[in-house]
Amino acid sequence: YLQVKRKKEKLMFAPLFPPQHGRGRAKVTHAVVVIFLEFFAWGLLTTPMLTVLHETFPQHTFLMNGLVQGVKGFLSFLSAPLIGALSDIWGRKSFLLMTVFFTCAPIPFMRISPWWYFALISVSGIFAVTFSVIFAYVADITEEHERSTAYGLVSATFAASLVTSPAIGDYLSAQYGDSLVVLVATIIAVADIAFVFFVVPESLPDKMRLTSWGFPISWEQADPFASLRHVGKDTTVLLICVTVFLSYLPEAGQYSSFFLYLRQVIEFSPAAIAAFIAMVGILSIIAQTLLLSVLMRTIGNKNTVLLGLGFQLFQLAWYGFGSEPWMMWAAGTVAALSSITFPAVSALVSHSASPDQQGVAQGMITGIRGLCNGLGPALYGFIFFLFNVELNDMQPVAGRPAQTTEKSVIPGPPFLFGACTVVFALLVAIFIPEHHRLADVKTCSARKSSSASAAHAQNAGPLATPTSDAEDIEPLLQDSSM
């Protein structure tokens, strides 16, 4: 009776979602290709985007960039838990297709209408949570002991997409104009969407989706502020989320302005910037694959996070005080090593979540990162403005170094501020318990969970399905409707 009813419910909502095209079993390779194509397309637009920003907002360019990215980040923060929770019910592929499509939708409008381009970038934040769905996709198809390596591979793919794409985009822009760069990026984005629709298979097992259909999503589960309230009730999840916020806030701000900072304050040439990006990208790939795997096996998940935060602190302090090109090259090497932090944190969250709650857990972390993507660029732009470092007013002439004023003791104040936030992230992360110690929390909550399950079974009647062992589920990462 239950199987017949669930099949009827599934058929009722089937027209809302595309058919499940795809070949073979779901693999980590599918996630890697999707991430690479999406961020390679955006990497090509690094130089044209700076040009369009300056032409559209000639005054206080980076402050306006921060405002646009702030709206996008806040919308991402609002939508990430909902999309993650819905993907736990209806599968990953439909929402992966949706996030890739809307994330790439603004690209062609860069040449059609800059105002529409920035408006679409802001609104696209509602669906710009690709990493949330991708990490849940990877969690579906990997064992727990394989997950940290798989997350490292996905994060390394993001770095790999930026190894050559900014340099290629800059070369095409200089030789043939920005229109060709936008066209190439649009073609790659369309190829990514087609790859998801025709090639990527569904990762969530059908039996898990059928089970989830018996327990519809609650608005409390999808409300991002409700998620934050739940975070506050669980010490471990609270510490992880605060660590993510304090460490990713300076990273998001750095990503929005660092390349222009290198060119116009440190006086890097375009060729040197391209080489710098390639070096950091290649070293990040090595760090997030080989080094991360070794560290996770030898020193453990928590210590890997602490080590990554230590590298990030050293890198930001060096960026803040460094005034010579060789210092930037050395700090860039440390920055590549610090890239192990996010995949290690994602693995830590995944280990704490039950199998049917991976989308919710990763959506919560992605939502916090989305909030940082909005606050970081605005914060960095504002600090540059306070210290009279007007990046948008420095336009170096081709073949001649930029004319700058005397170099101050602290050439990069925002980076030093970022180093201070990472110090607090380190202090918070020290108190994150080891994964095996979570058993104490789960055991203590077993009585509450068992009584709640019994009450649920009495109220639900014959349609209730058996719940899993309470000791196997982190209490505040399980379905709130349970």
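Using N, Cα and C of the backbone, Cβ positions are placed for all residues, glycine too.
Annotations in TrEMBL come from automatic prediction, not curation.
Quick look at what TrEMBL lists:
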DOMAIN    27-437  domain 'Major facilitator superfamily (MFS) profile'
REGION    453-482  region 'Disordered'
TRANSMEM  28-50  transmembrane segment
TRANSMEM  62-83  transmembrane segment
TRANSMEM  95-112  transmembrane segment
TRANSMEM  118-138  transmembrane segment
TRANSMEM  150-168  transmembrane segment
TRANSMEM  180-200  transmembrane segment
TRANSMEM  237-262  transmembrane segment
TRANSMEM  268-292  transmembrane segment
TRANSMEM  304-321  transmembrane segment
TRANSMEM  327-349  transmembrane segment
TRANSMEM  370-389  transmembrane segment
TRANSMEM  409-432  transmembrane segment
Self-check item: Best-contacting stretch, by C-beta pairs under 8 Å, relative to the transmembrane segment (62-83) and drawn from 28-50, 95-112, 118-138, 150-168, 180-200
Solution: 118-138
Self-check item: Surrounding residues of the transmembrane segment (28-50) on its own chain - C-beta under 8 Å, 6+ positions past either end
Solution: 96, 100, 103-104, 107, 110, 130-131, 134, 137-138, 141-142, 150, 153-154, 157-158, 160-162, 165-166, 168-170, 172-173, 178, 181-182, 184-186, 188-189, 191-192, 195-196, 199-201, 259-260
Quiz item: Between 0 and 100, where does the mean pLDDT of the domain 'Major facilitator superfamily (MFS) profile' (27-437) sit?
Solution: 80
